[in-house]
């Protein structure tokens, strides 16, 4: 069982959900920071069958922010170079916690499911910035294939090891990668390089990896991006 606290938004219709979106917030944020977006998505008729699970990261010191404790999925040592030192232990620990949450959906033991089971192939793992990095790792390494990954303003960590960490079923992973080209925090180039790595180094199918660019968008989200995310969800976890 995962130790993470979650905010859960179930279908308004009261019907049993047939799909789940996990969405992980960024550094220093919480589930509350993305609850409005989740509520908006849940109100779309095409996504009325989806339940939204927003986990909260543990509070821990962050080297990049002078060691200040804050909600963080892993320690960030630097963001100026994708080949720099990484908190591998922290990355893998948070990834394992998300996998536990996925397993609880599979088993029907998660909050509010009451025995109703949601298989991995009906689950999307998404996140913003630091949360998106964990989402990519989770999608590539989960023991059972998930429906997709939604990675917003983020990058793929552990690139030197991911080829050995990934599961064979991740070869068919569907990825929604999105980034603003004016991002001063996580460089737009990092999103581009992540997509190139997924396609060229991990051999994901071109048609399974989407890359969306939002002109003049900084390290944030925008309405157009959320509409594109909704379209991705409608495609990979459609109503049954």
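Cβ coordinates come from backbone N, Cα and C, glycine included.
A quick note: this is a predicted structure, and the numbers were derived from the prediction, not measured.
Per Swiss-Prot, active site, charge relay system is recorded for 129, 183, 219, and the stated evidence type is similarity to another entry.
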Distance from residue 183 (active site, charge relay system) back to residue 219 (active site, charge relay system), taken between C-alpha atoms, in Å: 5
Between residue 183 (active site, charge relay system) and residue 129 (active site, charge relay system): CA-CA distance (Å): 11
Protein Cβ atoms within 10 Å of residue 129 (active site, charge relay system), excluding its own: 25
Which same-chain residues, if any, lie at least 6 apart from residue 183 (active site, charge relay system) yet have Cβ under 8 Å of it: 153, 191, 217, 218, 219
